[in-house]
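Asker: The structure that follows is given in the form of structure tokens.
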Amino acid sequence: MTKHPATDRPLRVRPVIAWFLAQIRDPLTAISLLYGLGWLILSSLIRPIGDYGVETDFYNDVVFTRQWMTGNPTIMNGFRGPFYHLLLGLLILPFRDPFLTGKVISVVSAAAGLRLAGGIVKRFFGPLPAVCAILFIAGNKTFIEHTFRACTDMLFFALLAGVFLLILQEGRRSLRNWVFAGAAAGVAWLTRYNGILLLPCAALVAFIALRPFPRAVKHFISFFAAWIIIIAPWCLFLWMKTGDPFWNRSYQNVAIGIYTANSSMAQVGRFISQLSFSSLLEVWQVDPAHFITVAVKNVYYHLRDDATLLVGIPFAAVAALGLIFNIRRLSQSRYLAYTLCGLLIFLGMSVIFYNSRFMIPLLLWWSLFAAAFIFVIASFLSGARRWGRLVAMTLAGSLGLVAILGNLAVVKESMDPMTSSFPAVSIKELAKKLKEGGVVINATTPIAARKPHIGSFFNAPVVPIPYGNIDDLRESGAHYLLISGPELNVTPQLKDLLLSTDPADVPDGLRLVKRVILSTRGGYSRVAAIFAIENPKPWTPKPPPSVTRPGEILPGMSRVDALRVQLAAWYQIWEPQREVAPLIGHLAPEAQKHPEALLVLGNAAFKKRDAKRAEVLYIQALAADPKYLTAGIRLTAELRLAGARYLQDKDLSIDPLIPRLEPEYGPPAETPSAFWFLVGNTYLARGDYAAALAPLARCLEIDPDAAVCYRALGDALHFLGWYEKALYHYSRYLRYEPKDKEIEKTVEKLRRIIEDG
């Protein structure tokens, strides 16, 4: 060994170089490095801004990152801890471009995760199955797609693989490995709160795989101690801010998965904002039997979706065969423990709504079982070395070819202008033109847009595009309005403004600053435009997210019972096919007499055309304890009662009479105010504000005290831009409901608009 000439001590350079060269020659490392380097180059050349899917979350994360780096810590959105934001903030300094930084983190994490996953498989089945396993993962479409996206998925995957590789190692250094694994598990939890599942996984490995029992206890305590040390500062911060050291909002995804038909409907119906869940325990308590039923069904549905959407039927079949053919290997304690860990993580994820992105960690086990099948084939042919080697090389080569073709297919798809994953190149080009033109956009000039991408280029806040007109834009505090593809998805009426080249088409109060039209392959165009808003109102930044301790939802009702009533009311609007009576039946006896619960049951009966039953329930609601009977409940019940009686008399449903309100037909015969309110409210819900005016006015003509009609008519007039009339009707409504803070704010806003001319 070479010695230092002055100290006569052996140099450590050559062993390090030798170790590095040995690692490079390792097929697992070589494949992982090639995968990482390939995507590092590709990701720096393509997708300069990302798409509108998961990378929308990334641009929101950039806001939290800047708050962390320039201001005070914040609790953020409740699904992730601070580690990713801190890592992103530190790496932005050398890379400067936040999005490029996010892509680099994902690519490096993906390559590291591949190598670590290969190490786990090698531990059980040897080098050839391990190579096949990482080729299996490297060719997986979901894994590839999130390799080059700026997101936390790959970082979490690498941490997960690292934890399992450490705790599955044997030897005299195993205790040290468990300490490092505990620290890595703590970082995983600080990256994503569902990393909490690594704690029971570590317990499974310790108490199944380690002997004697005191040794298992010692190793698990070491793991847990390291985990606590890593997460303690953040837990202390959460405790100071929320009163709960493990505060998070992961229960929201569970609530969506258990109580809604699909996540899209939950988003459209604003499920989370309409229901006041505050913990996983409340999600369970609302309907335990339904929770268990859906959770059990989801085991099948998630397994089916994993097989079809995450890995594909052919690979799922290979993995299933590998698990079956190696069933005897479950007698090995470490293999059994690791398999049970996969089952535990799968069950933990099965209670939330399905998204193949969420299931990426399960590729560790899918690849293991697929590698087990390769191991069986290689073992079966071990007697015929030549044929065995040929078959093994053929299988590995086939997987390698699938991986290469899979990566090329994802690259092609991500650059196809007809797919949703096509990058937002028009916004990138628009940002470039604005900078070249010297347009002043900064932290004091918010942009009204649907997606936060462009704000990142100017460090400018992005506010949602409000419903309404130019005055509502001014009230939002926005200085600019961005229109591109995603904005048209929500507000299609902006299409003419985006595409028109006639200055006369730009409404008063807006001024076109810049429009870019990019031709893409296939003859398609991507358009984006930005307009300046004249005389915008001062913008006040939203305070950092905060948490208030859960309190009473409905007066005189427990939180769980109130949540049941809220859920039943939500079902009646967004999933009307659901029966709500069983849910109301879970209420405490006193809560079942609450007017809100009676109104829900009355509406359910009314919908079934059981007008007599509806009448009884509405009368019971009106006869409820006066301290719970607000003016709004009373008037709503009275109007619904009148509607139920009208339905009994005329035996007519609401919808067939709606067309008769058209001007050429004239109004139907004399009807109660409730009928006109229901018709007007139907038009209002459909966005046909002009058509809502006549029935709502008729409602007030019949019943001048119908407060709900005053509010509904105010809403219709507000949307149509008739502010003085809207102000009048809102003010009349407040005489009946003086505590409605939302309408109070709307009234103040309308007064300012009218005063400003």
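Glycine too: its Cβ is placed from the backbone N, Cα and C atoms.
Feature list, courtesy of TrEMBL:
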type     : residues : note
DOMAIN   : 95-234   : domain 'Glycosyltransferase RgtA/B/C/D-like'
REPEAT   : 595-628  : repeat 'TPR'
REPEAT   : 673-706  : repeat 'TPR'
REPEAT   : 707-740  : repeat 'TPR'
TRANSMEM : 28-46    : transmembrane segment
TRANSMEM : 124-140  : transmembrane segment
TRANSMEM : 146-168  : transmembrane segment
TRANSMEM : 197-213  : transmembrane segment
TRANSMEM : 220-240  : transmembrane segment
TRANSMEM : 307-328  : transmembrane segment
TRANSMEM : 335-356  : transmembrane segment
TRANSMEM : 362-383  : transmembrane segment
TRANSMEM : 390-411  : transmembrane segment
Asker: Would you call the transmembrane segment (362-383) and the transmembrane segment (124-140) in contact, using three or more Cβ pairs under 8 Å, pairs 6 or more apart in sequence?
Answerer: yes
Asker: Along the repeat 'TPR' (595-628), what average pLDDT does this model show?
Answerer: 82
Asker: Summarise the repeat 'TPR' (707-740) by DSSP state, stating how many residues are helix, strand and coil.
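Answerer: The repeat 'TPR' (707-740) comes out at 28 helix, 0 strand, 6 coil.
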Asker: Look over the recorded stretches 124-140, 146-168, 220-240, 390-411 and say which has the most C-beta pairs under 8 A to the transmembrane segment (28-46).
Answerer: 124-140
Asker: Taking residues 6+ outside the transmembrane segment (220-240), which of them lie with a CB under 8 Å of any CB in it?
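Answerer: The answer is 73, 75, 81-82, 167, 175, 178-183, 185-187, 189-190, 199, 202-203, 206-207, 246-247.
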Asker: Taking residues 6+ outside the transmembrane segment (197-213), which of them lie with a CB under 8 Å of any CB in it?
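Answerer: Sequence-remote neighbours of the transmembrane segment (197-213) are 160, 163-164, 167-168, 178, 181-182, 185, 188-189, 219-220, 223-224, 227, 333-334, 336-338, 340-341, 344-345, 348.
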Asker: Which residues of the same chain, at least 6 past either end of the transmembrane segment (390-411), have a Cβ under 8 Å from a Cβ in it?
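Answerer: Contacts of the transmembrane segment (390-411) (Cβ under 8 Å, skipping residues fewer than 6 from its ends): 38-39, 42, 46, 128, 131-132, 135-136, 138-141, 144-145, 374, 377-378, 381.
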